[in-house]
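Engineer: The structure is given below, and queries will be raised subsequently.
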Amino acid sequence: MTTHAEVTHHRFAWRLTPARWAVAILSVLAIALSVWQLEAERAGILIEPVPGTGTTPATVYRLPDAPPAPVVIVSHGFAGSRPLMQATSLTLARAGYAAVAFDYEGHGRNPVPMSGDLDSPEGTAILLMAETERVIDAALAQPWADGRVAIMGHSMGSYIAIRQARVDDRLAATVGVSMSNDSITATEPPNLLMVQGEWEGRLIPDARAALDLADPGAGFGETVGNPAEGTGRRAVLAPDVEHVGVIWSPFMLREMREWLDATFGRQSEGPVARMGGWIALLLAGIVALGWPLARLRDRAEAPRPEPLPRRRFLIVALAPAVVVPLALSPVETHLFPVLVAEYLALHFAAYGALALALLWWWGEVRWPGRDEVGRILVLAGLVAFYGICVFGLAMDRYVTSFYPIPIRLSIIAAMALGTVPYMLSDALMVEGGRAPLWRSLVARGAFLVSLGLATALDFERLFFLLVILPVVLLFFLLFGMMGGWVGRASSRPAGAGIGLGLFLAWALGVTFPMFQAG
């Protein structure tokens, strides 16, 4: 006689081949090892809120029970947040500094949208400088601050940091990472260290030009002046990294620490935080675990989706890429306080609706029965849960703010109205991952091209769509693959598509900056 437990075991375990068991075990080990190493970087560091910053969320990283120390303000880049700068904050804290990271307006868990004129040096930048000054004031008022302060910024944060250092005499040193700034002079800001990634070809000349202002004969890796006297200037290239990877570069972290030590007359020892590789391994482990998990369900009773004829596939894949940007070009909406959010939601919705309409017209889409609808929705919920609550948990703790403040919930809901029909149409086009690879490349490549075409038709208004393109591409590479695993295992592409649509809406809604014009 077979027990219920044995039936359950055979239902689930038999679907895991030795290869899937091996991937499952290796993925769990990778996740566990990565979390262990990342938590070890945080161990022994006191991480607590900074009071007195108003609506700006700010966090101090410092050694517990340490005497008052110099403060280093840590400012993130566009679409960043405090977790993204943890390698910097933890390195500084372990070196004995009080590192104060904060979320700029419109970013992370800051409830106040950015405002002003993004294109004017006297617009949004001035407002972010004022916010930076408030954080400096609050940090210096704390008992753990010894009255000395410096600032470090990445990308947009470096632009604000450099401008703030020119007008704030309290800032003894500035570290600009991935910086581009036309306000630098031969002497201002004082004690400027510039770190560009070796693969940031567009930004390297900016550091070269800024160094030439102080000494045309100086090269990368050479220090002009004396940081201890407030006259230092230095530019270096972090090897083998680009605009994002430089954030976790041990080379960058060591250069920053040594520059601040020279400024404040300190000497720090020990390793810097090494988080980038462990974060990559953690996220890769979570994604890879999706392959065996996709098989831990009852055998699918739904028939396999029929392949689309080639001509129909090409029409449904390519027509929306041309029609949607042209149709939406004259449409302007300002419903949500997020840059290009309304357009992006409309673009997803129109693209998905047109593709689904074509599939329905040809009889390729049929409404399932009530029981099958329930199975599809359960599958969609599981896919969304894995993305938001498993992958998202790792993102929120180690990479960037991934769980929304209340004001962003309506943005996520609006995004879902577009991303769900789009990802549903995508899943049906690629037959739940069973279509040849070239079809996936054509379908998703056409969508990326459509965003580029939309930007070209109205560059001034939709410029920030270019910032979203890498995010969508990364989503396709990682979670499009995961959707294929689920679709092939379940023969229910609709479930995978709806789940991925919900996850994509969440990811876009929590990461892209809020902005209120005026």
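Glycine too: its Cβ is placed from the backbone N, Cα and C atoms.
Taken from TrEMBL, the feature transmembrane segment covers 21-38, 275-293, 313-331, 343-362, 374-395, 407-425, 437-457, 463-482, 494-515. Taken from TrEMBL, the feature domain 'Serine aminopeptidase S33' applies to 67-207.
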Engineer: Sort out the residues at least 6 away from either end of the transmembrane segment (21-38), same chain, that have Cβ-Cβ distances under 8 Å to it, and list them.
Structural biologist: 274-275, 278-279, 281-282, 284-286, 288-289, 291-293, 397-398
Engineer: Taking DSSP states H, G and I as helix and E and B as strand, how many residues of the domain 'Serine aminopeptidase S33' (67-207) are helix, strand and coil?
Structural biologist: 46 helix, 36 strand, 59 coil
Engineer: Which of 313-331, 343-362, 374-395, 437-457 has the most Cβ pairs closer than 8 Å to the transmembrane segment (275-293)?
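Structural biologist: Result: 374-395.
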Engineer: Name the range, of those listed as 313-331, 374-395, 463-482, that has the largest tally of Cβ pairs under 8 Å with the transmembrane segment (437-457).
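Structural biologist: By the under-8 Å Cβ criterion, the transmembrane segment (437-457) pairs most with 313-331.
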